[in-house]
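Asks: Take this structure first; my questions come after.
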């Protein structure tokens, strides 16, 4: 058992007896008074091996000193013998209270850690709010830039055609300016990037977008040339429509390209079906019909509307095919791709304006009468619009950039009201509103319905929480009134 018995006169026995005294919190009696069986334990010596076993069996708070260890032995004996006066919770409670008084540091450390954690959370929230505020500010600037550049280019093209009636030549001239995309991107890379690369290294890295072999002749004709044709058709049809109808109708009808993108993506790319976008597409088609009816189905306006719808369709086809064949592109890759389109325009489209000039389809008597200022201004505004449209997502939200295209409609309407003989009848106004509403519906994110459901659920939960609080206030007020009325009733009884 590990407990040895010694004669009555033994010094070790007396020391053990003195060491096995009771705990003052347990009972006023001695161990020898509990029962006759315990009288045999008067002389006890605890071996070191048993002490080690007891250390493993006791709780952590009993390992502080030897006296505490002996007290726990006495408490175990009292628990085993079933002594009626033993209260095990008294000693443990005292030890826990003493330990809490001796070492309050952990609680303070936890409080300090909590304060520090709260500070970190507050700093993170502050950083997030500042970042979002910067994005919103940049977004407002982008909206103004997109709106002004798009409406400005449209109005300047309308003004140019009064002196220079050559929409395809203007398209070819403006597309050549796309060559500046990659040089401008490289300048931004030099000023912003920490690891600067040479133009050749950056070009080779961006060429990986076209495949492992880079920009080869085969890739140029299979992946770049079709988009060059779509780019030219989009701009030419848009500019040619400006000759036929007013800029307000042209700008609002071109907003239908977002609905066409959704329909083509749903059919070709198998994108997620969304009922709200189908409604937006219906609005776009209804707006086109109403816009045609606004001028009484005249051949001149019908041709102009057909040209704008064709331009919007080419733009939608360009975006869907780009995602299907090339996927998503980084900023450098997109800049290189647009510069390649300019190269394609110079090499293979230059012959078309020459043919149109000699066939006198787009003819001008001398180069002196060409409004070079208008041509360069239109090209710069169109280049600015494409830069903001393609690279603006780096500093703000894409939805804010798209809003700039919609806001160009009222800007063109105001300009047309003062510079042309446009009539804003009820049918035209309703058509503009319907197409604009459809465009805004297409800007909704895919998870908008989930967000709306969460918002409605939170509102319902808050209402349910407010109702019990109000009932609780009413219920708590009734006993107070009854308590106040009792003294008056007792006074009447007396």
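Every residue, even glycine, has its Cβ placed from backbone N, Cα and C.
Given the structure is predicted, the values throughout are model-derived calculations rather than measurements.
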Asks: Pick from 374-394, 395-415: which stretch is listed in TrEMBL under transmembrane segment?
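Replies: TrEMBL lists transmembrane segment for residues 395-415.
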Asks: When you get a sec, could you say which of 334-357, 454-477 is annotated transmembrane segment by TrEMBL?
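Replies: Of 334-357, 454-477, TrEMBL gives transmembrane segment for 334-357.
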Asks: Where, among 136-157, 215-238, 276-294, 300-322, do we find the most CB pairs under 8 A to the transmembrane segment (334-357)?
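Replies: Checked against 136-157, 215-238, 276-294, 300-322; highest Cβ contact count belongs to 215-238.
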Asks: What average pLDDT does the predicted model assign to the domain 'EamA' (138-292)?
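Replies: Overall, the domain 'EamA' (138-292) comes to a mean pLDDT of 90.
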Asks: Please indicate, using numbers and ranges, the residues of the same chain that are 6 or more beyond the transmembrane segment (395-415) and have a C-beta under 8 Å from a C-beta there.
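Replies: Answer is 135-136, 138-140, 142-148, 150-151, 154-155, 247-248, 250-252, 254-255, 258, 388-389, 422, 424, 432, 436, 439-440, 443.
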